[in-house]
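The structure under discussion appears below in the form of structure tokens.
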Amino acid sequence: MKASRGIIRKISPNVHHGISSKHDHMKDCSSSEDFINKHKAEKEHQEYVSILKTHLEEVIELESDERYPDCVFVEDPIVVVDHVVFLNRMGALSRRGEIDAFREVFLSSKISNSWTRNYTLVDMYEKSETATVDGGDCCAIYETKHLFMGISSRTNMEGILLYEKVLSELGWKVIPVKVKQGLHLKSFVTYFLSSSAEILLTVNDDEIGRDIFSQIQSHSNEKFTYRALFVPEEEACNVVSFKSLKTNKHVIIYKSGYHQSEIIFKNAMNESQVFNVELIPIEYDELAKLDGCLTCCCVLFQ
């Protein structure tokens, strides 16, 4: 997608109480504070935000909230497709209050900028009492106008049908994808880069990742074929990829330290013959302990 602006959120002082599937690792720590190195997490997040500020015209930084340990993961409460902003009812009950800060961004006259008023808001709380969607289950491919939505423990079919009702009027096809295990769709697949005839996706090279890609690949069309970059290192699968309207570069942010995956990314970039691509490695280990991926921590706007 093309992007000129973004939203991020500062890390909660209670981040160590965030939701995590890595409970076995926590048992090895004397306290939950030992599980997350807050200083390192802050440093890594600041570097992440710095990269975004380099390539975006504006980055709105929301304050943290001690009531919501997971509030740094802004991808889940809000999803942007074209000029529609979905305010989600997230699957995790403990996170649902995070949405109030985003209502402020788009509805408060004190905060709203002229560009935010160009977006149509769809508040899930006004549309349904039971629909749930996490943004981590939403993978939008602008070239094909396909929105792949994971059916997971956090996102249900009612939520997907709500998205479909809105986006079908804009020419988008909303496609449910079964996520058999794991947290979100984008834990296993993300958009990487597109060439004249191919859309490259990073795919976790395991049974779940391959099953998800098989579902996605079946929706290739006469203009574009979905092709997988099978990533052997699970932690490297998730990347942030966008065309910067500020620098005119295609920016791909990926986790450093995973050499096999890095080679795959560089080879794919060279083979694509797409110009002005910048691969940016970043260390992002602490928030990963809370199942956080790179895409989790920003929401991008055209």
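Cβ coordinates come from backbone N, Cα and C, glycine included.
Record features, source TrEMBL:
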- H184: active site, proton donor (ACT_SITE)
- C296: active site, nucleophile (ACT_SITE)
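In this structure, the C-alpha atom of the residue listed as 'active site, nucleophile' lies 10 angstrom from that of the residue listed as 'active site, proton donor'. Using a 10 Å Cβ-Cβ cutoff, H184 (active site, proton donor) registers 27 neighbours.
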